[in-house]
Amino acid sequence: MRRRSLFPQVVIDRDTESEESSSEEEEEANVVLPEEERVQKGKTPITITLKKVCKVCKKSGHEAGFRGATYIDCPMKPCFLCKMPGHTTVTCPHRVATEYGMVPAPHKNTTNPLEFVFQRQLHPRLPPIKPAHVIPDQVHCAVIRYHSRRVTCLEFHPTNNNILLSGDKKGQLGIWDFGKVYEKTVYGNIHNCILNNMKFNPTNDGSIYAASSDGTISCTDLETGISLSLMNLNPNGWEGPSSWRMLYGLDVNSDRSVVLVADNFGYLYMADIRSNNKMSKPTLIHKKGTKVVGLNCNPLQPDLLLSCGNDHFARIWDMRRLEAGSSLYNLEHKRVVSSAYFSPLSGSKILTTSLDNRIRVWDSIFGNLDYPSREIVHSHDFNRYLTAFRAEWDAKDSSESLVVIGRYISENYDGAALHPIDFINISTGQLVAEVMDPNITTISSVNKLHPREDILASGSSRSLFIWRPKKLDIALPREEKRMVLCGEVSKKRNKKHGDESDDDSENDIFRSKDNSLKQKKLASKSSSYKSRRS
């Protein structure tokens, strides 16, 4: 007869505030043996204590995380918003007022001769009276689950006001006519992985350049979907992570007719628009081995190039004497710089977004660039599975003071945890407006303002949304809401993708409890519309 092994008794000591476990767990955890077996060989009971511990610091006595729709900070850690100790995110003064501790931009004439000449040449282009900000604060139309992976970049067509282009993590290029809503196209054979950035051809608005993590630059015809490869940095395919080059930053210098791209090793490449060929040798513009995630040419003087990367710097270059270590200025940041842009009209201001939850502004490229003119504390430090937040200018604002950026920290709106999109006045640091929709529970990390109309496009997970001002929104019958549902609504679609789906796919659902029946009707209408077209 096989001898039965003896185990001591397991006693569970519960915390008074902890939740009671299920009866099945209790039966499995409490192992009670006969008395004569428990006392054999001096076996003593094993006590397991179940107490609440903080999910952040793993210490007891407090807790952190979501309580309903409100996130509770760990008191043992610095504030998640401003990164300073002594308070939590809930009580952070920068959360109450974004302009806290900030000195507004001075309203006085400049004494710098270079800036005086620069502004005088530009002044006839700018209207003398500053117009009021018009905020697009209502969802006008949307395409739900448009892309198969999360949206990474957006771009409006330079001449057609109703065309929006989008790229995703899978390398797909989407073309959506939001004026007709149902007119949409997705090209999935252009790139093999993340489409990081795209810019229109300045001489042909029917084609667009795109940079991808597969190491290629493509020039795609929007009408036919035919793509031409301008550059391939990985001609031999995958040879290991140490040699695989990925392209991130991209911009077009129209004066020199070149496409500028930067890779994950700190190098800048150039391709000729006219010949569609690679030009010269790459130039090291950031610390070797670090990503260069953004490139931007000055709108008035395209030879001035602004770059930013993972080496915690944004750098200004003169393309007329471009070589390693020859940057005009190095703008230091405390963490990774996600984006850096010249102001769209004058080109004299600089706007950067950094992962230390700071939006930095330099009021003049001719002044002292050692320190920013203002630092605005804003929540955009994020974990994995999100596209990086970027503060974007409003090209229609003649004062060059309005920017838009998504917010990472959620807010409690009537019991729902929502992530609004913020409009900020960078001259004062004030929050001009925060827009949200109770049906959008995902994070809108990619946002783009229309260059000519009062329209905001946002990419939230795999979906696209078009926002317009409420007073300009066209009143439509409730059953004819301008919305398209792509893909299946059931959860089986997530299981079908398996490992290909992102971890944020579980949250990629357009939740509307009150309008669930209407969504089903819209889904059936969409499928019937597709069947009629086919």
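Backbone N, Cα and C define each Cβ position, glycine as well.
Keep in mind that TrEMBL annotations are predicted by a computer and have not been checked by a curator.
Listed in TrEMBL:
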REGION    1-29  region 'Disordered'
COMPBIAS  16-29  compositional bias 'Acidic residues'
REPEAT    144-177  repeat 'WD'
REPEAT    330-363  repeat 'WD'
REGION    489-534  region 'Disordered'
COMPBIAS  508-517  compositional bias 'Basic and acidic residues'
COMPBIAS  524-534  compositional bias 'Low complexity'
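Outside the repeat 'WD' (330-363), and at least 6 residues removed from its termini, the chain residues within Cβ reach (under 8 Å) are 81-83, 105, 115, 118-119, 122, 125-126, 293-294, 296-301, 304, 306-310, 312-316, 369, 372-382, 388-393, 395, 398, 400, 403, 405, 424, 426, 451. Mapped onto DSSP classes, the repeat 'WD' (330-363) shows 0 helix, 19 strand, 15 coil. Under DSSP, the residues of the repeat 'WD' (144-177) split into helix, strand and coil as follows: 0 helix, 18 strand, 16 coil.
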